[in-house]
Amino acid sequence: MVGPEDAGACSGRNPKLLPVPAPDPVGQDRKVIRATGGFGGGVGAVEPPEEADEEEEADEEEETPPRQLLQRYLAAAGEQLEPGLCYCPLPAGQAGAPPPSAAPRSDACLLGSGSKHRGAEVADGRAPRHEGMTNGDSGFLPGRDCRDLEEARGLARAGGRESRRRRPYGRLRLEGPGDEDADGAGSPSDWASPLEDPLRSCCLVAADAQEPEGAGSDSGDSPASSCSSSEDSEQRGVGAGGPEEGAPPATSAERTNGGAEPRLGFSDIHFNSRNTFQVSRGQSARDHLPPAGPPVPLPAAEQGPAGASARARRSGGFADFFTRNLFPKRTKELKSVVHSAPGWKLFGKVPPRENLQKTSKIIQQEYEARTGRTCKPPPQSSRRKNFEFEPLSTTALILEDRPSNLPAKSVEEALRHRQEYDEMVAEAKKREIKEAHKRKRIMKERFKQEENIASAMVIWINEILPNWEVMRSTRRVRELWWQGLPPSVRGKVWSLAVGNELNITPELYEIFLSRAKERWKSFSETSSENDTEGVSVADREASLELIKLDISRTFPSLYIFQKGGPYHDVLHSILGAYTCYRPDVGYVQGMSFIAAVLILNLEEADAFIAFANLLNKPCQLAFFRVDHSMMLKYFATFEVFFEENLSKLFLHFKSYSLTPDIYLIDWIFTLYSKSLPLDLACRVWDVFCRDGEEFLFRTGLGILRLYEDILLQMDFIHIAQFLTKLPEDITSEKLFSCIAAIQMQNSTKKWTQVFASVMKDIKEGDKNSSPALKS
C-alpha cells in the first residue's frame, strides 16, 4: 500500500515532466502505451500506428476515456515537455524538434490550445507551452526520473516565487482538508482544473520540508497548496542565496534533507492485471536506505497534537486515491513477483482475480469475520437427548422449581421436596460408595490371585514338573493344585494327570484324521443307503451333520469355534478322528465342549490324546456309552453323599421326586464346561485331574450347597430350570468354599468304598433305598 510518506522528492508541484521509457516485455510485441492507457511512454505519449487484432481494438475502444478528460487532467502542465510527450513543435535545433519545413501542429497537441506561456520561466531557450503538473502527476514517475526532473527544474526557478505560482484563470478553486479558514478569493495557486480535485484533496505536504511561518509564504499557500519536499527545499536554497557557483547540482535527496536520510518516493511501478498496478518499494523501503544523520525537526506549527491531527487529515486521502486505477489499459508484460489486490472497476471491467486455493476453514473464517456470525453445528433434538441420556444414579437428578405456567410451590412443599431430594442423593451416594468398595475389593482379590499364580508358576516349572512322579502326591503339590493351576502350565499338568494309557501317538491321530476326511467325502453318497440298511445309533451320531450342528453351539460367546473361527477346523478334526478311533462310542452330544477346553490349553495332537484318554475313564465311558445300569450306580452313590451333607435339601428334592439324572447328566457329560463360566470350569478341571471322578460329584454337591436357600423355595419345574442354567455371577471363591465344606465320607467310607458297595448290592439284588434306582 502506498502512503503519504512514500511521495518523497517526486511530489513537487510544478516539476518538468520527463518521458518515461516504455517497458519492453520479454516474448511480447513492443508497444508504447497511449496516454489513456498507462505509463508506457509517459503521460501524453501516443502509440505509433500498428496493426492490432480485433480483440485489442475492442478493448481500447471500451477502455479509452473521453478526450476532454485527458485534456482537463493534463491542462496543468505548463512547463516545457520533453520530446515524445506531445506533438507541439520544439525550437529549431533542439533534439527531437521537427524539421524547419514542417508546419506547427498545435492543433494536434493532446493538451489543447488553452495553454498559457510564462516568459519568466524560460530556461535553456525553451518556450513553455503548458502549465505545471499537480502534486499527484509527478508521483507516477520513477525515482530516478524525479531526480533528473528536479535537476532540470533548478535552472527555471530564478523567476521568483510568485511567477511559479501562476495559474490560468477560470479554474475551480481547490479546497482540501485544512482550507476552511483560507481566504475566499484565494491566490492564483488555489485554482486548478476539476480533475485536480482528487489529487489536491490528498494535501500531501512533507512534514520535514514545511516552511516556517513568515518565511515568505502566504496564508493561501498552506495546506491547500500541497508543496512537495523538493520544491520547499529549493525555496530554502533560494532564500539562502542558492548553491555556490561551480558546485555540482545537488541531488533531490540532498536538497530535500540537507544530506540527511533521503526522502521516500514512488519507484518501480508494475502492471499486474487489468485495472491494477503495483508499486514495489524496493527503493522506498527504509530497510534498503543508507544510514543518515539526525532527522530534520518539524516546524513549530506541526509539533503539537493539533499539527499531528492536521498531518493525518492531509495525508489521509493520498493512499486511498492511488490504490484506484486511472489507467485501465492492459499491458503485455511478465507478471510481477509481487502480487497486488484487484483494483477498482473504473471503466467497466473488473480485473481477473488470481485463482488462489482456499480451504473450507479459511472460507468459513472469512465469512464469519464479514457477517459477524459463527457457524455452529445444528443442535440435536431434545427428544433424542432424552432417549440417549441415562443417568448412572440419582446424583444426576437436579432439583428444579415448577414451570412458570404452573402454580408455584408453597414454602412447606419446597422444603419437603428439598429434604426428599437430599435423602435421595445421600442414598445414591451410599450405594455408589458401596459399589466402589466392592469393585475395589474385587480388583484387590484379582491382583492377589495374579500374584499367587505368578509365584506358583515358578514353582510348577522349576520344581514340580521336572519331578512329576515324585512330587505329584505330596501335600504341598496338592495344596497348590487346589488353588488352581497357572494357565501357562495347565495343559502340561492335564496331560500328565490324565496320562496316555491308550498309547496314542500323533502319527496315529493323523491316520484317523485322514480316515475321517475320506468318510466325510463319501458321507453324502452313503447316507441314503445307511438309512435303508438301519445302521446303529452310534454310527448316525458320528455323522458329519451332527458334529457340525454341535460345533456351532460350542461356546457361542467366544466366536472362535464357529464356522470361520480360528479353532473351527481343529475342533472338527479332533471330533471326526475320535469317531473313527472309537466307532463303538461314536459322537455324543457334549463331547465338543470337552474337546474345545482341551484345544484352548493344548496343541492339536496333544489335545486329541488327552481327549481320547479322558473319555476312556470309567465314569465318562459309562455316560458317553449311555450305560444305563452304570449311570444308576453313580446316581445312587451321589445320593448317599447328598443325604449325608444336605439332608434338608435332599428331603425337599425327594418330596418332588427330583432324581439326580435331571441335572447331573449335563454336568457330567460336559464336565461343567457348559454350566459354569469358562475360567471356573477350568479350575474344576484342575482338581478333577487330581482327584478323579469323585471331584465331579463333589462339585455337584458344592453347587447345591451354594444355592441351598434358593432351591428350598422352588418347586420341581423351577429347580430343574435353575440347575440346568446356573447363574453367571458365580465366583470361584464361593464355589470352592462350598466344595471344601462337602465331606466325601459316609460312616468312615470314602467315595470308592461307597460306590463298590452300591455295585455289590445291585448284583446281589438286595434292596436299595436310592430313589433313582426305585424308579
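Just so you know, glycine gets a Cβ as well, placed from its N, Cα and C.
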Going by Swiss-Prot, point out which residue in S138, S252, S747 is annotated as phosphoserine.
S747
Of T134, T374, T526, T748, which does Swiss-Prot mark as phosphothreonine?
T748
With Swiss-Prot open, pick whichever of S309, S315, S336, S340 is annotated phosphoserine.
S315
CB neighbours of T748 (phosphothreonine) within 10 A?
6
Mean of pLDDT values spanning the domain 'Rab-GAP TBC' (484-692):
88
